[in-house]
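A.B. asks: Checked Swiss-Prot, it gives:
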DOMAIN    235-429  domain 'Peptidase M12B'
DOMAIN    438-522  domain 'Disintegrin'
CARBOHYD  72  N-linked glycosylation site
CARBOHYD  256  N-linked glycosylation site
CARBOHYD  407  N-linked glycosylation site
CARBOHYD  484  N-linked glycosylation site
CARBOHYD  630  N-linked glycosylation site
REGION    201-220  region 'Disordered'
REGION    772-791  region 'Disordered'
TOPO_DOM  762-791  topological domain 'Cytoplasmic'
């Protein structure tokens, strides 16, 4: 039973006249929300977790190695000694190391891990706003796995390039090993791993907990044979990964390091997916080196929606993939990630987002594998699911490093293969050595030495030739700062502010691309009492007007109390979970953080699948709420948005009214910007007009080091008119609008003119009648009276 179906039961307490169903349809996909990390749970490892669990610490980037941050109870310095092969020969993919652990010599036998990594994937990055293909220097054959000689149940998984970095399991104790960067003697740190954190997932599966495992459906013998055949063969998930700008900076703004780190993460995720006989293959990587082309707010629900739109528009036609995952670097508050259930192999919803705001690769890879499981149709486990001796099932609400797929996960995955025929997972990717892909002129992507790429529209393109070179005299071919094949003037406005919390960007006169989108730092005050988040002022009045149109506004407190204390799908502070089968009732302090309740509604919105509206009488008006829980439009438009004001110095975050410190606002504009500007999302000053960046202390035209140079007021006025006729398409649209206006206005003008002429004619006839000369008899009479008087 779906979440919406379960909600209908809870809504039955409302009287039917009060519930006016606008639309209600079943959908097939569901977004998943992840909760925050909990740092107080211990981890005790057992031998059976060898492959799937602890491999994930293998590739901790050495630049982020911080022994004080590792959950360890003790550590020692060791010097691994690589042993030569028998007879001095290279064993070919095999290597042995000797090291001293706790006073005892341990011999490690390792073998290169087969099949992974795939080395023929394209790597894209941006240079002056132009998408280009990179060829980073990558280490190959770095990932080795093996065992300790003479230690039953032992397991070793390490990266041997640039020292040993990874995990060793001995007698149910897990050890981490990392090289010491300052050592000249190949010294390493070996430490025991304890008290590892877990990720908690609080989202309800699409089916009720009692039905999650699903009784076996009656299948035809042929179906069973097909499923058995599918299960016995390795499945391949072709994954495209995107790294956002902040995470790229956390990897030292180094493309080589970022690529290697992503390859390592994918390799480690494979140690989980082996449990369902599936291999993740990296088919492409894009690094947002110059800023994020989409809005990436704290709320990952919005990020998932924005990323999926970007994926459909920019990626689908460029690189074939079964799923695409976005890795972001910021702390997302209560959420750790988002994924579409059953999204793999679908062109519309093959997306997920994960937050990697720490350096615990182990936990992050577990989260990635969990979300990938949802992409593959695997729902959350319930208490009756089993996953062997592991402490946590990977698809349970508690996701730990000691995790694995359960029997329920296998059943869900089998049904996904059956329902979707598993076509996209059964294609084995080609095994080729990694090489730079030759530029493919005409694919719409600027590659290698291409100056432009007009795709299939080269014949009519004014700037780019079919040979992917700029035409004679052209400086550029596309971009917000390119007009008529030339760069726009320095200081021209290229992206105006969309909200009071957004900031404008300007062209620098030397490139065709507009600078990355910038906005006021999350937590900046707006509209008197509200706060900015992701470039938008989280004002509930504005949210109501966006849904219902003007003059809708946020309802009074009585409406919020009446609606959000019902604990049904029209009013709640949280959806059901497998631990709690009911909707959450909003407490008094959280009542403004549940469903958005609006009043003064004059127009009903165009509803979407699975949307319903509720109206509750309030005085002479109505209070309106919306149940918009579905997968094609996340986040739920009916919920109060994260970051919305709920009490003095407090904001809503995951249905809870909490301190505004969760927005991580750390700007002091009076000090940093000398009171002449605000802080942007890059934590730089955006100066008011009349002051210059970087600190707004000297005269200038305003802006920031991120926004591009701001033109003088006269230039900005010209750039606005420049924007108004930026392209021939815009001109055509304007001409069409003008033509339509003329068609409407001219007849009206003619009618009015005709009426005026008729009125003038009528008035003129009346005037003529009044002033017309007297008749002859009247003249004679008048004349006789005159004679009489004279006598």
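Keep in mind that glycine also has a Cβ here, set from the backbone N, Cα and C atoms.
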A.B. asks: How many other Cβ atoms sit within 10 Å of the Cβ of residue 407 (N-linked glycosylation site)?
C.D. replies: 15
A.B. asks: State the Cα to Cα distance, in Å, between residue 484 (N-linked glycosylation site) and residue 256 (N-linked glycosylation site), rounded to an integer.
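C.D. replies: Residue 484 (N-linked glycosylation site) to residue 256 (N-linked glycosylation site), Cα-Cα distance: 37 Å.
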A.B. asks: Could you count the residues of the domain 'Disintegrin' (438-522) that DSSP puts in helix, in strand and in coil?
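C.D. replies: Secondary-structure breakdown of the domain 'Disintegrin' (438-522): 0 helix, 14 strand, 71 coil.
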A.B. asks: Compute the C-alpha separation of residue 407 (N-linked glycosylation site) from residue 256 (N-linked glycosylation site), stating it in Å without decimals.
C.D. replies: 39
A.B. asks: Counting across all protein chains shown, how many other Cβ atoms sit within 10 Å of the Cβ of residue 484 (N-linked glycosylation site)?
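C.D. replies: Taking all protein chains shown, residue 484 (N-linked glycosylation site) has 13 Cβ neighbours within 10 Å.
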A.B. asks: Counting across all protein chains present, how many other Cβ atoms fall within 10 Å of the Cβ of residue 256 (N-linked glycosylation site)?
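C.D. replies: Excluding its own Cβ, residue 256 (N-linked glycosylation site) sees 15 Cβ atoms within 10 Å.
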